[in-house]
Amino acid sequence: MYKRVLLKLSGEVLSGEGEKGFNHENIIYLVDELKKILEYGTNVGIVIGAGNLFRGREMQELSPTIADQIGMLGTVINALYLKDIFEKNNLRTVVVSQVSSLPSIRPIHYDDINLYFDAGYLVIFAGGTSNPFFTTDTAAALRAVEMKADILIKGTKVDGIYDKDPKKFTDARKFDTLTYDEAIDKGLKIMDTEAFSICKRYDMKILVMDFFKESNLLSAVREENVGTLVVPK
């Protein structure tokens with residue numbers, strides 16, 4: 001049983017695939033899945049993307065620096081939205097960030113993070129890495145290491161890592177486990193290069209799993225055979 005996990009989710013989890021904004025049904029599903037693992041006393045940190053609000057690659061007229069900063073603020077909007085919904089559903093939540101000083105957001109101090117976890121709070125890390133040119137995958141890797149997570153769980157729309165796109169190839173083969181070196185040798189795209197490098201350097205395990213299969217997150221935290229586990233060796 002993992003006692004401390006970092007959960008990385010895309011903004012699409014909040015809106016639905018290909019949609020924008022917030023889908024209440026999706027968010028209540030997220031609430032229910034989180035409640036299942038919090039009942040076991042697992043500490044949960046969350047990094048959420050902002051694709052439900054803004055995608056920089058769709059705004060070619062913007063400079064990359066400005067587009068990335070807008071994306072960072074998008075993650076702050078998502079974090080505050082989740083905090084309010086979570087707390088209305090009896091999930092104590094704190095949002096921490098290095099890019100915002102709004103009254104509902106606290107600065108990131110890692111001594112405080114442990115206190116939040118000890119007090120039973122969910123911790124949402126907003127604002128990415130606080131620097132442009134880095135993805136929320138990289139932010140998730142960084143926060144997972146900093147909060148001393150047992151594992152980084154990447155919730156996706158597919159049930160793991162395949163040798164090729166399972167939507168295009170019926171003979172695609174799913175991996176149950178991989179080492180970092182095997183993933184690199186096979187050219188598998190698990191996270192962006194910077195995120196993968198951080199996890200590899202600090203021996204952070206990564207689990208890629210289907211977040212939309214009910215109770216999959218609980219199975220993952222119980223260390224059951226779910227998704228694809230990427231391990232140091």
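Every residue gets a Cβ built from N, Cα and C, even glycine.
According to DSSP, Asp165 (ATP binding site) sits in a coil region rather than a helix or strand. Taking a C-beta cut-off of under 8 Å and a sequence gap of six or more, Asp165 (ATP binding site) has these contacts in its own chain: Ala172. The ATP binding site annotation in Swiss-Prot covers Lys8, Leu9, Ser10, Gly11, Gly51, Arg55, Thr156, Tyr162, Asp165.
Taking the Cβ of Ser130 (UMP binding site) as reference, residues of its chain lying under 8 Å away and at least six apart in sequence are, in sequence order, Met72, Ser97, Gln98, Val99. Residues annotated as UMP binding site in Swiss-Prot: Asp68, Thr129, Ser130, Asn131, Pro132, Phe133, Phe134, Thr135, Thr136.
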- Give the distance between the Cα atoms of Thr156 (ATP binding site) and Thr136 (UMP binding site), rounded to the nearest whole Å. 14
- CB neighbours of Asp68 (UMP binding site) within 10 A? 19
- Minimum Cβ neighbour count within 10 Å among the binding-site residues Lys8, Thr156: which residue? Thr156
- So, in DSSP terms, is Asp68 (UMP binding site) helix, strand, or coil? helix
- Query: What count of other C-beta atoms do you get within 10 angstroms of the C-beta of Thr136 (UMP binding site), across all chains shown?
  - Reply: 28
